[in-house]
Amino acid sequence: FAEELNVLFQRFAKIFIGCLAAVTSGMMYALYLSAYHERKFWFSNRQELEREITFQGDSAIYYSYYKDMLKAPSFERGVYELTHNNKTVSLKTINAVQQMSLYPELIASVLYQATGSNEIIEPVYFYIGIVFGLQGIYVTALFVTSWLMSGTWLAGMLTVAWFIINRVDTTRIEYSIPLRENWALPYFACQIAALTGYLKSNLNTYGERFCYLLMSASTYTFMMMWEYSHYLLFLQAISLFLLDIFSLKQNDKVYEVYKIYIFSLFLGYLLQFENPALLVSPLLSLVAALMLAKCLQLNVKKGSFVAKIIKVINFYLVCTLTITLNIIMKMFVPHKENGHMLKFLEVKFGLNMTKNFTMNWLLCQESLQAPSQDFFLRLTQSSLLPFYILVLIICFLSMLQVIFRRINGKSLKETVTLEDGRIGERPEIIYHVIHTILLGSLAMVIEGLKYIWIPYVCMLAAFGVCSPELWMTLFKWLRLRTVHPILLALILSMAVPTIIGLSLWKEFFPRLMTELMELQEFYDPDTVELMTWIKRQAPVAAVFAGSPQLMGAIKLCTGWMVTSLPLYNDDDLLKRNENIYQIYSKRSAEDIYKILTSYKANYLIVEDAICNEVGTMRGCRVKDLLDIANGHMVCEEGDKLTYSKYGRFCHEVKINYSPYVNYFTRVYWNRSYFVYKINTVISFQS
């Protein structure tokens with residue numbers, strides 16, 4: 001009895017210390033982000049307007065709606081005004097909650113007022129505090145996932161260390177706090193942690209129920225927070241489908257996860273104002289096809305040749321059914337086709353050529369290009385990439401070994417011991433291997449996806465080097481006999497992560513401390529002056545036109561109506577952006593005037609940084625892309641060059657000569673911005 005009590009105490013102590021380390025890691029990371037943000041922007045020493053300017057692009061839009069919710073007389077009224085919003089974009093009424101996934105802002109505004117925080121803390125601090133807190137949960141979830149897979153919380157500590165050191169490639173929280181991914185990915189990490197635990201073979205009933213409930217809640221929340229979440233869940237469903245195909249896990253558990261997907265999709269459809277994008281999503285088509293295939297599937301797992309043939313047929317059936325169901329759903333469900341996304345992918349993969357401004361502008365965005373050499377160099381310098389490749393190769397080869405054993409009719413062991421050296425028989429490992437390969441393949445094409453992939457690279461690499469089972473698998477292949485392989489595996493699983501941790505501490509910890517000590521400067525007086533002028537001088541009913549990024553800042557800082565927004569999921573807004581950008585093209589004053597008045601614009605803002613842009617990649621400046629789209633620049637050999645008799649509008653309008661002064665009157669300028677009032681009565685003077 002005393003021995004059993006001692007074992008129980010040791011197990012409890014291990015779990016307690018691990019949980020304490022996980023929670024502490026999350027809290028420390030959240031505090032680090034808060035301190036770094038304060039040092040970077042001098043946030044506490046700035047006026048409200050200067051703080052708001054730090055929210056750039058689409059981040060400004062999200063935060064502006066949080067402000068609107070706090071100003072509303074009641075929550076119900078605030079939600080109504082957002083769902084019937086006609087005060088943001090001229091001549092357009094939008095359901096901002098559905099179109100921009102504003103559920104985080106709704107929740108944050110409710111929490112701010114319900115908890116009485118309005119008497120304690122400023123709204124902006126409450127908002128960014130929630131996001132930083134979620135990042136702490138993100139890190140904790142990665143810690144727990146690595147711990148579950150390796151059996152030691154040392155793996156969790158190494159995961160967190162790699163995540164923070166490589167944060168340039170793991171998160172965009174430092175640049176854009178309100179981004180949807182910063183709200184959503186922590187829930188995805190919790191879902192993956194719960195799924196990892198759920199797939200484990202040795203899980204007891206209570207643990208299984210807890211993992212299932214956590215997985216259900218986090219899947220649904222993730223889907224509500226981000227409009228692209230169902231694409232990530234689609235990749236996850238493919239991973240689970242392949243796991244099931246190889247008979248590496250009981251069908252029941254995998255199909256229970258499919259039920260969670262269906263429940264989350266339909267609940268999300270209802271609560272997202274009957275969002276048709278969820279009904280036509282590939283996730284729903286795949287899960288429905290898998291359910292139908294299961295109904296048609298016979299119990300053939302114990303067969304031999306027939307079983308293998310049936311498996312191939314089942315795979316083909318699921319693929320065919322998925323495509324067919326998706327086509328049928330798109331035929332019968334009215335939805336806005338993401339035509340620009342399909343065109344972008346066609347051009348990205350060289351299947352098509354285009355001169356379209358929007359497509360070429362998207363292709364020029366750094367986040368949508370292939371990863372640079374610097375990306376791989378950074379991961380190698382932190383030792384993450386070499387260890388990730390090592391772990392992935394061992395796990396992948398072990399997985400193939402298990403699959404071939406299964407194909408040859410050999411039964412798998414119910415419980416895999418350390419001596420067996422078969423890490424590839426564990427279902428949760430196989431799932432993570434397939435999932436990381438899918439995410440990695442996409443990240444090799446579109447660099448922006450690295451923010452989804454690299455956190456799980458940190459987790460998988462840390463799990464591998466801390467897992468005695470992985471080292472044992474390697475030693476089994478090497479047929480190591482000089483030293484007892486189990487003893488060596490146990491030693492390496494402790495020694496290797498310790499050495500990595502010490503080297504990371506020595507090299508990177510001083511850098512992190514230096515970043516916290518340095519006072520960085522974010523000073524943008526020209527934008528502050530512009531916003532101050534608008535608030536003091538412009539009529540309340542005025543409509544402003546300019547670049548989408550600047551329009552987002554104007555909406556947040558002044559509340560005035562604008563002609564366009566920095567959002568790229570709406571065809572009409574994309575078309576507006578392209579038309580407004582014509583102020584930087586070689587078009588006549590009359591053409592620009594007609595475009596601007598068609599959107600009821602009263603003021604035009606020309607940015608010197610765009611008009612005189614010189615530093616970006618050749619052919620990717622806004623004015624170059626406009627010239628290509630308008631035929632004023634040769635893009636390919638054989639293209640027809642259309643000569644424009646007009647100079648570049650943004651240059652010509654500054655000179656103040658006819659016909660430009662007939663249409664536009666300069667009312668304000670500084671070093672960066674030129675503001676012109678669009679004349680309502682035009683006087684043509686010679």
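Each residue, glycine too, has its Cβ placed from N, Cα and C.
If you look up TrEMBL, you'll see 12-32, 124-141, 147-165, 232-248, 279-300, 312-333, 385-404, 429-446, 452-474, 486-505 marked as transmembrane segment.
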Answer yes if the transmembrane segment (385-404) and the transmembrane segment (452-474) have at least three CB pairs under 8 Å among residue pairs 6 or more apart in sequence, and no otherwise.
yes
Tertiary contacts of the transmembrane segment (279-300) (same chain, 6+ residues out, Cβ under 8 Å):
230-231, 233-234, 237-238, 241, 251, 255, 258, 261-262, 265, 269, 306-307, 310-311, 314, 317-319, 321-323, 325-326, 329-330, 333, 335
Please determine whether the transmembrane segment (452-474) and the transmembrane segment (147-165) are in contact (criterion: at least three Cβ-Cβ distances under 8 Å, sequence separation 6 or more).
yes
Contact check, the transmembrane segment (232-248) vs the transmembrane segment (429-446), 3+ Cβ pairs under 8 Å, seq sep 6+:
yes
Ranking 12-32, 312-333, 429-446, 486-505 by the number of C-beta pairs under 8 Å to the transmembrane segment (124-141), which range is first?
12-32
Could you tell me what the rest of the chain brings near the transmembrane segment (486-505), counting residues at least six beyond its ends with Cβ under 8 Å?
150, 152, 154-155, 157-158, 161-162, 165, 382-383, 387, 418-419, 462, 465-472, 475, 480
